[in-house]
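TrEMBL annotations:
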| type | residues | note |
| --- | --- | --- |
| DOMAIN | 6-255 | domain 'G-protein coupled receptors family 1 profile' |
| TRANSMEM | 24-44 | transmembrane segment |
| TRANSMEM | 64-85 | transmembrane segment |
| TRANSMEM | 105-123 | transmembrane segment |
| TRANSMEM | 166-187 | transmembrane segment |
| TRANSMEM | 208-226 | transmembrane segment |
| TRANSMEM | 238-257 | transmembrane segment |
Amino acid sequence: MVAITGNTVLILLIHFEIRLHTPMYFLLSHLSFIDILNICSIVPKMASNFTSGRKSISFAGCGVQIFFSLIFLSSECLLLSAMSYDRYVAICRPLHYPILMNHQISVLLAAGCWLVGTINSTIHTTYVLNLPFCGTRAIDHFFCEVPAMLKLSCIDTSHYEGGINVSGVVFLLLPFSIILASYYQILRTVLHIKSMEAQKKAFSTCSSHLAVVIMYYGPGIFTYMRPRSYHTPGQDKILAILYTILTPMLNPIIYSLRNKDVLCALKKVSGKLLVHRN
């Protein structure tokens, strides 16, 4: 509820506040939308299993959960790198910002993240659901995730794990490297800014993004880039909680409390609501 409420408020603020109609906040609204969908694809079924005591899911339901969770996780990986590119252009090449990062380009970036994420999810979901599962079908996890499903297969999946590593490079290591390179250039540029107020604003915006990046990519890389033999159910569950539940819940808090533009928009909208009530 915290994640859905916070992200919904952030989306509405960005939609109704004209000051937030920029590529940066357009991408942020997509991040919030992905977080809402990701939470909704995992938590309701998990919660119903715990409350009912059944703790079961149909094969079709498991496939649907894998498909949508992979779309949202893959898309968010790419979207975070697109957001770092936006910050790089805004701070390091401000005069070229209207050309390099206008509304049309931000729409293309967002659409590309969704499209590539969907293609990646379709490939992995199709393969996993066609694996033969022998013996117990008890998934030692709180939702259907590819690494947990591979443990149930009765055939050698080492070749497929190579494909997971390729996806890990494309969706985790490459975007993470782009983000680090972008923020290295941003840091160099910010340190040369003479205005302390401009430095604080740049650091405030970028530090919130970096906090999200570390919380999201760290557990993701540790989960998907390790060999299957190194996976333990306890570790996988804790790591999955970080990037499927905790990060979507904290994203709106981080971006609102660390961002003056969002705080000003929130105060403005709250003031209008109070006036209307009176």
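Our numbering is plain: 1 for the first residue shown, then up by one each step along the chain.
The backbone N, Cα and C atoms fix where each Cβ goes, and this holds for glycine too.
Predicted automatically and left uncurated, TrEMBL annotations should be read as such.
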Interface check, the transmembrane segment (208-226) with the transmembrane segment (64-85), three or more C-beta pairs under 8 A: yes
Recorded stretch that, among 24-44, 64-85, 166-187, 238-257, has the most CB pairs under 8 Å to the transmembrane segment (105-123): 64-85
Same-chain residues near the transmembrane segment (24-44), Cβ under 8 Å, at least 6 residues beyond its ends: 3-4, 7-8, 10-11, 14-15, 65, 68-69, 72-73, 75-76, 79-80, 82-83, 86-87, 90, 103, 106-107, 109-110, 113, 142-143, 205, 244-245, 247-249, 251-252, 255, 261
Reported mean pLDDT - the domain 'G-protein coupled receptors family 1 profile' (6-255): 86
